[in-house]
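Sequence annotations record features per position, and here Swiss-Prot assigns compositional bias 'Basic and acidic residues' to 62-85. If you look up Swiss-Prot, you'll see CYS101-CYS121, CYS105-CYS117 marked as disulfide bond, on the strength of experimental evidence. Among the features that Swiss-Prot reports, region 'Disordered' is placed at 53-89. Sequence annotations record features per position, and here Swiss-Prot assigns signal peptide to 1-22.
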Amino acid sequence: MGFRVLVLIVMVTTSALPFTFSEESGRSPFRPALRSEEAQALRHGLTLLLARRADGQTPDMHQPEMRRPEMRRPEVRRPEVRQPEFAESPVGQKRWDAYDCIQFCMRPEMRHTYAQCLSICT
């Protein structure tokens, strides 16, 4: 019961008190406390938290829907890096995989470490 009251107080505070005191010189003593997006994200997170708590699940702040939108990591695809010496082979020959690339890269005449070859080939 106490947890729900605390959450409701926070939700009401973010929507009912849009201003806080600011002591910066040259500005109005009042400024918006939270941008509307921040307040909306906070309310959304608290609503999800209450729903999970009501279902008996423990809240997991690492799940993307519990984070503020600007904290979510965008889905990034790692671009494929093509090295000139490891170019695609002609038709009929086996295409190199990362293991073959590392084996070639670590030959003594290449003078690369395993870590360097791993970063080159993957």
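Cβ coordinates come from backbone N, Cα and C, glycine included.
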Around the C-beta of CYS101 (disulfide bond), how many further C-beta atoms are within 10 angstroms, looking at every protein chain?
18
Counting across all protein chains present, how many other Cβ atoms fall within 10 Å of the Cβ of CYS117 (disulfide bond)?
19
If you draw a 10 Å sphere on the Cβ of CYS121 (disulfide bond), how many other Cβ atoms land inside?
21
